[in-house]
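Annotated in Swiss-Prot:
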DOMAIN    40-313  domain 'Dynamin-type G'
BINDING   50-57, 151-155, 220-223  GTP binding site
REGION    151-154  region 'G3 motif'
REGION    220-223  region 'G4 motif'
REGION    252-255  region 'G5 motif'
DOMAIN    534-624  domain 'GED'
Amino acid sequence: MSSFDSAEGECNGLNQHYEKKVRPIIDLVDTLRALGVEKDLNLPAIAVIGDQSSGKSSVLEALSGVALPRGIGIVTRCPLILKLKKITRDKNWSGLLTYKDQTEILKEPTGIENAVLKAQIALAGTGEGISHEMITLEIQSCDVPDLTLIDLPGIARVATGNQPEDIEKQIKDLIEKFIKRQETISLVVVPANIDIATTEALKMASTVDPTGQRTLCILTKPDLVDRGMEDTVVRTVNNEVIRLEKGYMIVKCRGQQDINDKLNLVEALEKERRFFDEHPQFSSLLEDGKATIPLLGQRLTEELVEHIAKNVPRLQNQIEMKLQKTFERLKVLGESVPDDDEIELNNFLIKKLRQFMDALEEVKRVEEEPVKSDTRVFSKIRQEFVSWKHILDSKPIKMSTDLQEYVRTHRGKELPGFLNYGTFAGIIRMHVEDLEEPALKLLRNAKDIVHSSVGSIANIHFNGYPNLLLAVKEPIEKCLHEQFQNAEEKIRSQFKLEKTVYCQDDLYTNHLNLLRPKNTVRFGLEASLGNSELRETAFHLTSYLTIACERLANQIPLIVQYHMMNEYNSQLQNAMLGLIGTSDPGMLLCEDSGVARIRKDLKERLERLKDARRALPKVVHSANSW
């Protein structure tokens, strides 16, 4: 009987107490990982890391009960997902190794080492490099805890032999990819006979997890600790040297001499127990439940289950968010192009163009989505209208200063304080002319906004159809240019009209009466114009210019909106309809190969996430009761 079953409260207790709760929770993550969901989500996991020769492989061997590749240099060359499933003693041991599209059924533990080596060569080549491709090893045995671990390559300090020169960076990048995730617990393996502060693995874990909330450290090789250093090891395991929230444990695995002596793993566990039980200093660690492989297995199972349970709500939210984003991306890409049937191709083309025109119509109706800033039109043009109004509002304010300057430079035979109609009209025309260029600038800005928005909408709807996108670009540009010219002509005509001084008598009189009693100080008329006749003229000029500005404040935006949005939209929709029947739909709908691949990937992701969503409720109850 192995040490996993030897003590009450260790394996048997684990099996009885957690059987109904542990396995469903761990199986959930294993199921999601098997579905390939790890491509889309960060799944809760325990990642095993350590420097080379830290004893990492020996720990995994002891936990799994099988011999894994070991030796000098980089032994783990690919991430190895080690799934340990505890079964009852009436069932036979079984193993299953999978990588890429390969599957190997293993009936004996002795075949594990060669099978893993073969998989590593297939993924990482015959040299000494590494690969990010994963190998999955599932072991069902009565001598293992319920546990899933991810074994990562040991950290190499310098490249040796056929290793790439940047092998240290490659390994650290791979390790960091896993341990930086909030969903990952780092199981850091460190030899007990060295200064733990100098180990790269613990430094890396501390960098991404400064408080140690996701880090559990395992000390190995306690039999190699120098005499007199035992108390330091005890203090380390008791979390008194470098503090970690999850703390430390210590184990003694098979050494090379044990392997040479053909000491099997079951015997090694019994030898480990005796070592700690009889050690003068380390026996206290065993009493505290901080030593031996069986207790480590129980601790890791508890940590993993608790970690998964804690992350279930986050996992649910991630799945829903990813599903929503995937749905949206597929909606943008649309359906795949039908086969060469001409009727179906025409119908598909009509559908794509109709969707584009509907999007333009939404812009015209000012039904804009706040999150899509690239396609918003009216809200941006409205800001231009506001700026235009500010320019107009500032005109009457400057009237007193402008009037004095104009009189000084243009006065002829008129008596002081008297201005004839020609002078009055000249001042009005001067102010109106000043406003023409800002109005045209408003039009140009509106054109740029519409051009950018329609271009973005076209890119969204015709992304992946380069020929169709090119075909619609021409009418987009042509129609916009025509409507811009029409609007420009109307604006120039409007300013020509404004140079003719005219206003209805009652409207003009009302403005004049409103101005006199209230706004002399506001417009600076009292202070700057001492001459009463000149001041009266200023009242008239200010009143008329206010009326003219009110006309322009509405008229220019109406012209811009009518041509840049309404007419342009109608003309462009007619041009889109003109593409139907006049062009080869097969040629227009020739799809970019990259888009077809993206659509295929998105559909596969959608199915993975749907499967994950269906699987998740099965464990929510167990997770909530943990």
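One is the number of the first residue shown, and numbering goes on along the chain from there.
Note that Cβ sites are derived from N, Cα and C of the backbone, with glycine treated the same way.
Remember, it's a predicted structure, so these values are computed and weren't measured experimentally.
Counting same-chain residues at least six beyond the ends of the region 'G5 motif' (252-255), those with a Cβ under 8 angstroms from any Cβ of the stretch are 55, 58-59, 61-62, 220-223, 263, 265, 268, 271-272, 275-276, 292-293. Secondary structure at Ser53 (GTP binding site), taken from DSSP and collapsed to helix, strand or coil, is coil. Using a 10 Å Cβ-Cβ cutoff, Leu152 (GTP binding site) registers 26 neighbours. Burial estimate for the binding-site residues (Gly50, Pro222): highest at Gly50, by number of other CB atoms within 10 Å. According to DSSP, the domain 'GED' (534-624) comprises 80 helix, 0 strand, 11 coil.
Within the same chain, the residues at least 6 positions away from Ile155 (GTP binding site) whose Cβ sits under 8 Å from its Cβ are Ile49, Gly50, Asp51, Gln52, Glu168, Ile171, Lys172, Ile175, Glu200, Ala201, Met204, listed in sequence order.
A count of other CB atoms within 10 A of each Cβ picks out Lys56 as the most crowded of the binding-site residues Ser53, Lys56.
As a summary of secondary structure, the region 'G4 motif' (220-223) carries 2 helix, 1 strand, 1 coil according to DSSP. Residues in the region 'G3 motif' (151-154) partition by DSSP class (helix H, G, I; strand E, B; coil) as 0 helix, 1 strand, 3 coil. The average per-residue pLDDT of the prediction over the region 'G4 motif' (220-223) is 94, rounded to a whole number.
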